[in-house]
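Record features (TrEMBL):
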- 39-74: domain 'EF-hand' (DOMAIN)
- 52, 54, 56, 58, 63: Ca(2+) 1 binding site (BINDING)
- 78-109: domain 'EF-hand' (DOMAIN)
- 91, 93, 95, 97, 102: Ca(2+) 2 binding site (BINDING)
């Protein structure tokens, strides 16, 4: 499964264009622009599984850094500041990684 099977290419492009500049990434805005906030909980879970590069059941800080590149290979990496802000915004149980329930809560809230 690929992200384009859940989200439209145009919506992904629009979301990526919005955060091209370093330190301009906002996860909530990105999820809205790419259309993820309008998807079902199962579709959000499918996207999580695609983003969970090592299939550990969690998105760790190292995977978050390359978050935008999972949407488009030519996208930039997140800055350390953006990565840490994203992690702290989604990591409700403070275990240093984002589980599927935390990801769904962040996207769908």
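Every residue gets a Cβ built from N, Cα and C, even glycine.
Unlike curated records, TrEMBL annotations are generated automatically.
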Ask   = Of all the binding-site residues here, 91, 93, 95, which one's CB has the most other CB atoms within 10 A?
value = 91
Ask   = In sequence order, what residues of the same chain, 6+ apart, have a Cβ less than 8 Å from the Cβ of residue 97 (Ca(2+) 2 binding site)?
value = 58, 59, 60, 61, 87, 91
Ask   = Using DSSP, what's the helix, strand and coil tally for the domain 'EF-hand' (39-74)?
value = 21 helix, 3 strand, 12 coil
Inquiry  = With every protein chain in view, what's the tally of Cβ atoms within 10 Å of the Cβ of residue 56 (Ca(2+) 1 binding site), excluding that atom itself?
reply    = 11
Key: Reported mean pLDDT - the domain 'EF-hand' (78-109)   = 97
Ask   = Taking only the binding-site residues 93, 95, 102, which one has a CA atom nearest to the CA atom of residue 52 (Ca(2+) 1 binding site)?
value = 102
Message = For the C-alpha pair, I'd like the distance in angstrom between residue 63 (Ca(2+) 1 binding site) and residue 95 (Ca(2+) 2 binding site), rounded off.
response = 15
Query = Given the Ca(2+) 2 site residues 91, 93, 95, 97, 102, which other residues of that chain have a Cβ within 8 Å of the mean position of their Cβ atoms, reported in sequence order?
reply = 58, 90, 92, 94, 96, 98, 99
Request  = Count, for each of the binding-site residues 52, 54, 63, 102, the other C-beta atoms lying within 10 angstroms of its own C-beta, and report the residue with the smallest count.
outcome  = 54
Remark   = Same-chain neighbours of the Ca(2+) 1 site, Cβ within 8 Å of the mean position of the Cβ atoms of 52, 54, 56, 58, 63 and not counting those residues, run in sequence order as 53, 55, 57, 59, 60, 97
